[in-house]
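Feature list (source: Swiss-Prot):
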type     : residues                  : note
BINDING  : 212-215, 394-401, 438-441 : GTP binding site
COMPBIAS : 16-28                     : compositional bias 'Basic residues'
COMPBIAS : 258-288                   : compositional bias 'Basic and acidic residues'
COMPBIAS : 299-333                   : compositional bias 'Acidic residues'
COMPBIAS : 637-647                   : compositional bias 'Basic residues'
DOMAIN   : 164-445                   : domain 'CP-type G'
MOD_RES  : 93                        : phosphoserine
MOD_RES  : 97                        : phosphoserine
MOD_RES  : 252                       : phosphoserine
REGION   : 1-31                      : region 'Disordered'
REGION   : 251-358                   : region 'Disordered'
REGION   : 630-653                   : region 'Disordered'
């Protein structure tokens, strides 16, 4: 049976309702000749929008003000400028960068750190805390006014007052204050006001800038920075925590191998004795050989339990280990004083005094670094017989914790790229008479031009990046094209004929080539540019893509000695030399239409008549047997199938 239809009466009501609705709509907008009481010849008070408006957005406020002023807006369709996506780099032009640098120099004096207010024995703890809060609040307001009025960009800085309180206490009890900076951009991570604050507290305290990751610089680059800081009357030391750790690991492996060889020799010599004699000989021999290592392990365990897992203390109860020593420990401290004095006298005889007056550009080792610290401070010490070195100030990824672990010879501080990872300062004794006072890593305020510079410097986390175009564009501007191609083994698309042939590649060109090479593709089959950007930026921060900022007054292009080592391709047709055994990658053609039109190499035409058969062309003369044999040998006999004399069909062309 077919589908039963609805009764006819059911659709009549809907038809009448639809007709009535259409009539009402048509009469609403048309005039009628019928008489009505609504003349519409006055102000319609019944249809006013009497809704109260107490708050409105900026756009609504602007439109309402324009309506009250009687301003009419007309769309302008002339002078339209389309901004392509590749032009949105987020970088500054040369004129803008020079203007911002001038503003940085003019407002350098406002870039300061909070000071601890003056206090005396009559000041109560509540009054001191309130004064510290007031000074800290005024300092933050000053930085906010600097950003708003001058339109300057500041780096992220520490906004927790408790961290600054620990900074004040560490400076007060330190003899040498060490700032750890990155060798690729020392001026960005240096805080000049911290050096002034140290001298304000005590003129006998010394300031030192420890330039970490100096192994990334060449000897000429280190010499240039040493000369610059020498003119600024600042002591700098070139240091590499990673190289020092590798050297220490190599020494430990050699010592372990030496101990294994000695143990094997001892076992071979005593193999002829019985078990009782062997056990007796081992008990006599092992303590004399392994006692230093056992003592080091015991001290290591004690130090780890004492410093790494120490609970958080109150601010009024912060004391170092030397302040809580008993009478027995005071005798030990007296021995430390005598040994440290003897060491300093011996070192003063060995090392020439001119080393304290000049900055040397060579890369120091761990032992040389400790000797320089001992020679640097010659005034009155905070604690007699003990040299206290305050460390820990610096941005993330500059190597604060790695430096301390390398100096101590084992892991004393956990390493992290997060600011504020160390919650409280701790004292670590390197040797008798030399103490490291590790302060939580404080991030000082500094000037930057763009947010992209902060991302490329490692200040902002790369994984939390919102827009990848400006940082990658900055990488393309700093790293030449041939260095990028040689580092990743890619071919970046060349500029068009109407563009500058020496322009840097855009972020899209670099990320597209890198994404194709690594296989980072989206669901739509396009290169995953944000994912590729994270890999490239991490390589830039880690130093795989190396760019070193020069001292003021030096040319940034000629300062990059590491870029001049790689040969630059002089012509566009040159290809990167590949390793033997690998297939050459296909070059990308920037304009496939022009290449196809002007370079038609395989042009064929359909002709009729006598054609070349078996290598013979009409009018070419007598065909020799050698020519026929060569033609036959060049082909594949198993592909002929007896179709040699048949003409090719036109549909196959």
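Glycine is treated like the rest: Cβ placed from N, Cα and C.
In three-state terms derived from DSSP, residue 214 (GTP binding site) belongs to a helical segment. Predicted-model confidence for the domain 'CP-type G' (164-445) is 67, expressed as mean pLDDT. Counting in whole angstrom, residue 400 (GTP binding site) lies 31 from residue 97 (phosphoserine) by their C-alpha atoms. Put simply, residue 97 (phosphoserine) is 27 Å from residue 212 (GTP binding site) when counted between their Cα atoms. If you measure from the Cα atom of residue 93 (phosphoserine) to that of residue 214 (GTP binding site), you get 30 Å. Separation of the C-alpha atoms of residue 438 (GTP binding site) and residue 97 (phosphoserine): 37 Å, rounded to the nearest whole number. Calculated from their C-alpha atoms, the gap between residue 214 (GTP binding site) and residue 97 (phosphoserine) amounts to 27 Å. For the recorded positions 93, 97, 212, counting C-beta atoms within 10 A of each C-beta gives the highest total at 212. For residue 398 (GTP binding site), other Cβ atoms within 10 Å of its Cβ number 26.
Least crowded of the binding-site residues (396, 440), judged by neighbouring Cβ atoms within 10 Å of its own Cβ: 396. Separation of the C-alpha atoms of residue 396 (GTP binding site) and residue 97 (phosphoserine): 25 Å, rounded to the nearest whole number. The Cβ neighbour count for residue 400 (GTP binding site), using a 10 Å radius and every protein chain shown, is 28. On a Cα basis, residue 97 (phosphoserine) lies 33 Å away from residue 440 (GTP binding site).
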